[in-house]
């Protein structure tokens, strides 16, 4: 029996199964691997019916006043869950105020938006639909749109059984939240946290060590390697006004507390290699440069080039696998569907 | 043996398998069911590798100068392969000149665009990318974009083996054509043409009979129920200037022949119930109204309401099944990827 055990242990070691590893032990105190099941959300049981409806709504440009924009427009699931622009283009070709954050793994953030002003994804989902610079729509028109299509009304009734007038704005947001809860992206870092020694390169491991030792993980921690906690941008040294525009005081606009000037939610770093440009201003396109700016402004550290490269290698290990998403077939309009408005100014 | 044959024939009849049917016989002389395999295209063998690359390109907004628009923006595969707007919104919120046609089954059209100015889909694909009111990009910038991403270069090399500098504008168009060739949508009308008596309702069959008898099928015929042949809009009676704007002389702009004033390619009618609003001007939202306008302007016929309803029932039977499409994971940008330009005017 002892022989068999010894042989098993030896083969486990050869296969790269976890050995005692102080780096992993300390990492597990700071970070958490993604769950293997769809995360639960507050006051909104996630059901297959809600997910299906939410996917349809996420892809539906008729939610916007112009008929041009859907959630997918700025949270493009083919390019990391964001739109790869400094700030998004919205209704009438207006420029949004801040860089579009990724929807991938957003369900695991403590709160939504750069300033955390939405408690959760169902609260978040209502924002862009009504924002004048984004979809420029109203709840009344959205509800008229949804109720004009019998196939949508049916999807809502199935997703929210027993509710009268189920095709309403609140349920739209809940269904979108349910779909977005499915958008978690397991990455090599998760495999390594879960015990697969071979999942991270030596550079990535060295980068992780630096990420912890230098203090990055003081703010960027937890399951989303960020996405919770609020911190001033420029804690040690304010970056230039292009990167930190003086007109955007961050969380101050939410709390109206002087301490919250230029305070933002720590950015979640999963899939960060896919979501350039960086920061709320979207002014930095190179991940290495973004790492250097963070080190200087938040930690007062001037990183050596090889340290930056190793931290970037660690960040690359946060690029995950997006779930397979099939395009929905959206309900067709009817004669009573509100027409796109204000298409051209 | 004769007993077995008799029994087989009887059970075939019970299962709704085709009986002698004069309507089907005449329909088969005018129309053709969709093929069961991906249509071949000229000078561009359709391979799985080209299809995969073409799908990525079709969904990639980085093909546009602004980074806002992809092929999918105006040829939305969740809403019938078009954008459900009068005319599309493009670069700088400009309004396009004509209604966006569906990409579904477009491979089977004789030529592309409302005026047939592109011979095939690979010629068509180059148009919107360069049009100032659409994507406003240039071949040089597109090629720089594609070649800045090693994952794209690799996809091109695999799709176009042995070619030097495979990631070029011509191959982009060929790959998009290959993907678009897969977008055929078998419909109840095909099942009926193929012999399934139960696939069409009585109203749809009556509508088909009217469609043939009144003369609609003189122009809207073949596998796409249109999509080939050029005809003057307003053959018998010109519709109003809102529906037929005097500034758009159709195929005249292509041929510069007086006979081609207000001449357009007969619209392909597959999935027409999903692709309101109608006509090159996109001014008519109701399919029944569109049918009435066509009957009056092209045939000098005033349809009775029940005739219109039956023709609409036939047109509904052209709504097909869109292939299952999974979203691609697009190659991530690199430091040398050209940035979105002219995002805000």
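Cβ coordinates come from backbone N, Cα and C, glycine included.
Residues or ranges marked as signal peptide in TrEMBL: B:1-20.
Across the domain 'Cytochrome c' (B:49-157), the prediction's mean pLDDT works out to 95. The domain 'Cytochrome c' annotation in TrEMBL covers B:49-157 (among others).
Annotation source TrEMBL lists heme c 1 binding site at B:71, B:74, B:75, B:91. DSSP classifies residue B:71 (heme c 1 binding site) as helix under the three-state reduction. A C-beta separation below 8 Å, combined with a sequence spacing of at least six in one chain, links residue B:71 (heme c 1 binding site) to B:57, B:58, B:59, B:63, B:103, B:125, B:128, B:176.
What TrEMBL lists as domain 'Cytochrome c' is B:202-319 (among others).
Per TrEMBL, the feature heme c 2 binding site maps to B:216, B:219, B:220, B:294. Its Cβ placed at the centre, residue B:216 (heme c 2 binding site) has 26 other Cβ atoms within 10 Å.
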* Have a look around residue B:219 (heme c 2 binding site) and count the other CB atoms within 10 A of its CB, chains all included. => 19
* **Rounded to the nearest Å - Cα separation of residue B:294 (heme c 2 binding site) and residue B:75 (heme c 1 binding site)** => 24
* What is the number of other Cβ atoms found within 10 Å of the Cβ of residue B:220 (heme c 2 binding site)? -> 25
* **Between residue B:75 (heme c 1 binding site) and residue B:216 (heme c 2 binding site), the C-alpha gap once rounded to whole angstrom** => 26
* Far apart in sequence but close in space: which same-chain residues, 6 or more away, have a Cβ under 8 Å from residue B:74 (heme c 1 binding site)? -> B:82, B:83, B:88, B:90, B:96, B:100, B:128, B:134
* Could you state the CA-to-CA distance between residue B:220 (heme c 2 binding site) and residue B:91 (heme c 1 binding site) to the nearest Å? -> 33
